[in-house]
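S.K.: What Swiss-Prot records for this protein is below:
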type     : residues      : note
BINDING  : His83, His182 : heme b b562 binding site
BINDING  : His97, His196 : heme b b566 binding site
BINDING  : His201        : ubiquinone binding site
TRANSMEM : 33-53         : transmembrane segment
TRANSMEM : 77-98         : transmembrane segment
TRANSMEM : 113-133       : transmembrane segment
TRANSMEM : 178-198       : transmembrane segment
TRANSMEM : 226-246       : transmembrane segment
TRANSMEM : 288-308       : transmembrane segment
TRANSMEM : 320-340       : transmembrane segment
TRANSMEM : 347-367       : transmembrane segment
Amino acid sequence: MTNIRKTHPLTKILNNAFIDLPTPSNISSWWNFGSLLGLCLIMQILTGLFLAMHYTPDTSTAFSSVAHICRDVNYGWFIRYLHANGASMFFICLYAHIGRGLYYGSYMFQETWNIGVLLLLTVMATAFVGYVLPWGQMSFWGATVITNLLSAIPYIGTTLVEWIWGGFSVDKATLTRFFAFHFILPFIITALAAVHLLFLHETGSNNPTGIPSNMDMIPFHPYYTIKDILGALFLILTLLALTLFAPDLLGDPDNYTPANPLSTPAHIKPEWYFLFAYAILRSIPNKLGGVLALLLSILILIFIPMLQTSKQRSMMFRPFSQLLFWTLIADLLTLTWIGGQPVEHPYIIVGQLASILYFFLILVLMPTVSLIENKLLKW
């Protein structure tokens, strides 16, 4: 009798993707983050759904509806903080996943990589519009400042901003449409993630050595299902610890003050996961230049496969490239710190130097050092 798992049209797809999938035998825990991102997405959609049942996307009631969720809804505070801190966990996994791709040369699967960059942009958009919904001070001013960046676009900028706002300032129309975007985008992310997976399974996974592993594959289940479950337990434990012991650790106290267009907060800043890009934006004293640098800081990922000059795919056996990679990580952490600081000396100059180093490392140093490594290996 044929196994239904391998013959039924629906289970066959699942079987080929998660059970009998041939997987390299040597992939490390850095390969866990893909499944953890899937778990984060499911958790965010579920908690978000329950929050949407009680939230009202109207300027006069949005803030109080969030307070109502936290005070009056059964376990509403728990759902709300799971959702808020779940976003932080999502970005931690996302950045680790991208870092893994950069280190081990996974970007050489170009379709998978490009869909991944598109996914990153979509997740960032979702997080941004979601941050506006509680309608606190930082929600309102964050929305005002970031949407205003589009006014730097020559000729059509101002019209574009007013079109997005649905008026002459961030108001009711803006909040309503941002709620609509925040509701629909996760489903678009889910569809893109399926395409991401589809392209990945066309080529099979990369592995830490960067050498083709066709001759040494093992089935995904049970070897990697059990490994993914362990990763999931760590993720859930961290999320629960954060949610139950320090729910506001990563948030901004200003967002507990209702939005007031007449009072600007002393320091307008986004959530921690956008601070590196915000620091790059602020480091350029020209508005259009800042916006372009902000865009390029993310879109530079698309050009990574074109900047590959090494004859080896992975950085596993390339100590000089490893040094530059960890310098890049340190630089990003510096930018994240700078993004949360006020615009004054010495933070301005540190931010500018860190921004220059970020682009210089990716566009110049890493490709050059890769060529030197080729020479040293007589390739």
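Placement of Cβ uses the backbone N, Cα and C atoms for every residue, glycine included.
Are these features on the surface or tucked inside, and what touches them?
M.R.: A 10 Å cutoff on Cβ-Cβ distances gives His182 (heme b b562 binding site) a total of 21 other Cβ atoms nearby, all chains included. His182 (heme b b562 binding site) falls within a helical segment according to DSSP.
All protein chains included, His97 (heme b b566 binding site) registers 20 other Cβ atoms within 10 Å of its own Cβ.
All protein chains included, His201 (ubiquinone binding site) registers 14 other Cβ atoms within 10 Å of its own Cβ.
Sequence-distant neighbours of the transmembrane segment (33-53) (same chain, 6+ residues past either end, Cβ-Cβ under 8 Å): 69, 79-80, 82-83, 86-87, 89-90, 93-94, 96-97, 100, 182-183, 186-187, 189-190, 193, 228, 231-232, 235, 239.
Remote same-chain residues near the transmembrane segment (77-98) are listed as 30, 33-34, 36-37, 40-41, 43-44, 47-48, 50-51, 66, 69-71, 116, 120, 123, 127, 130, 235, 238-239, 242-243, 247, 250-251, 271-273, 301 (criterion: CB distance under 8 Å, separation of at least six residues from the stretch ends).
Sequence-distant neighbours of the transmembrane segment (347-367) (same chain, 6+ residues past either end, Cβ-Cβ under 8 Å): 279-280, 282-284, 293, 296-297, 300, 304, 307-309, 321, 324-325, 327-328, 331-332, 334-335, 338-339, 341.
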S.K.: Please list, in sequence order, the residues in the chain of His196 (heme b b566 binding site) that are at least six apart in sequence and whose C-beta is under 8 Å away from its C-beta.
M.R.: Thr112, Ile115, Gly116, Leu119
S.K.: Using only C-alpha positions, which one of His83, His182, His201 is spatially nearest His97 (heme b b566 binding site)? These are the binding-site residues in the record.
M.R.: His201
S.K.: What whole-number Å value do you get for the CA-CA distance of His182 (heme b b562 binding site) and His201 (ubiquinone binding site)?
M.R.: 29
S.K.: Would you mind checking how many other C-beta atoms are within 10 angstroms of the C-beta on His83 (heme b b562 binding site)?
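M.R.: There are 21 such Cβ atoms around His83 (heme b b562 binding site).
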S.K.: Is the transmembrane segment (178-198) packed against any residues at least 6 beyond its ends, judged by a Cβ distance under 8 Å, and which are they?
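M.R.: Same-chain contacts beyond the flanks: 17, 37-38, 41, 44-45, 48, 52, 55, 57, 112, 115-116, 118-119, 122-123, 125-126, 129-130, 132-133, 143.
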